[in-house]
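Copied from TrEMBL, the annotated features are:
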DOMAIN    20-192  domain 'NADP-dependent oxidoreductase'
ACT_SITE  Y51  active site, proton donor
SITE      K76  site 'Lowers pKa of active site Tyr'
BINDING   H109  substrate binding site
Amino acid sequence: MHIPTTTLHNGVKMPMIGLGVYKAKEGDEVKQAVKTALEVGYRSIDTATVYENESGVGEAVRESGIPREDIFITTKVWNDDQGYEETLEAFEKSLKKLQMDYVDLYLIHWPIRGKYVDTYRALEKLYEEGKVRAIGVSNFHKHHLELLLPNCKVKPMVNQVELHPMLAQFELRNFCQGEQIQMEAWSPLMRGGEVFQHPIIQAIATKYEKTPAQVILRWDIQSGVVTIP
């Protein structure tokens, strides 16, 4: 399976499709999910502190036999750990659980008022120290970015948000494109259901003999949006 990549504004290449392990239980469940994904060609895994499965992700990557540098690992700092020093400590805990020397992308999971600017300063320090290859944010709206951008030295490389045909985020996408911030979609398939039944998506799926999920993921990629179904 060939997965295209996008180049972030700092030159780091990121796969356009990755595996999100939200709700995958720590232990055998998440390990098997990650191993299977890597076996079929995935090279990007998205986890987070709050998912409580970073250890399993790290074990699966090591046991896969695939060189670490060929796999793109994302994790995120949770709300309770935000703040400059707190974030630095949280990152070291994540790194220890993953049993890795670095992560490819470190994100602020949610914009906590009064904290996310200081939290982002910690991400910048980690980036400058080479502990992360790219930094970014998640669930940030335009006004959050408008506050952050004048107060940062390193512009976010990624903004990961809920994005799918029923929530296309056109204004935010245009803003991020202008700032060279890569958009990334979580829950791109809305966990099935409503979006799969949309008449336009069903019509396209029928015309091209594809599933609704394939149509939606193709829409993401053609729109330049990284997706983690």
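Think of each number as a place in line: the chain as shown, counted from 1.
Quick reminder: no glycine exception, Cβ is built from N, Cα and C everywhere.
On a Cα basis, K76 (site 'Lowers pKa of active site Tyr') lies 10 Å away from the residue listed as 'active site, proton donor'.
In this structure, the C-alpha atom of the residue listed as 'substrate binding site' lies 5 angstrom from that of K76 (site 'Lowers pKa of active site Tyr').
Highest Cβ count within 10 Å among the recorded positions K76, H109: K76. Other C-beta atoms found within 10 angstroms of the C-beta of Y51 (active site, proton donor) number 22, with every protein chain shown included. For the domain 'NADP-dependent oxidoreductase' (20-192), the mean pLDDT of the prediction comes to 98.
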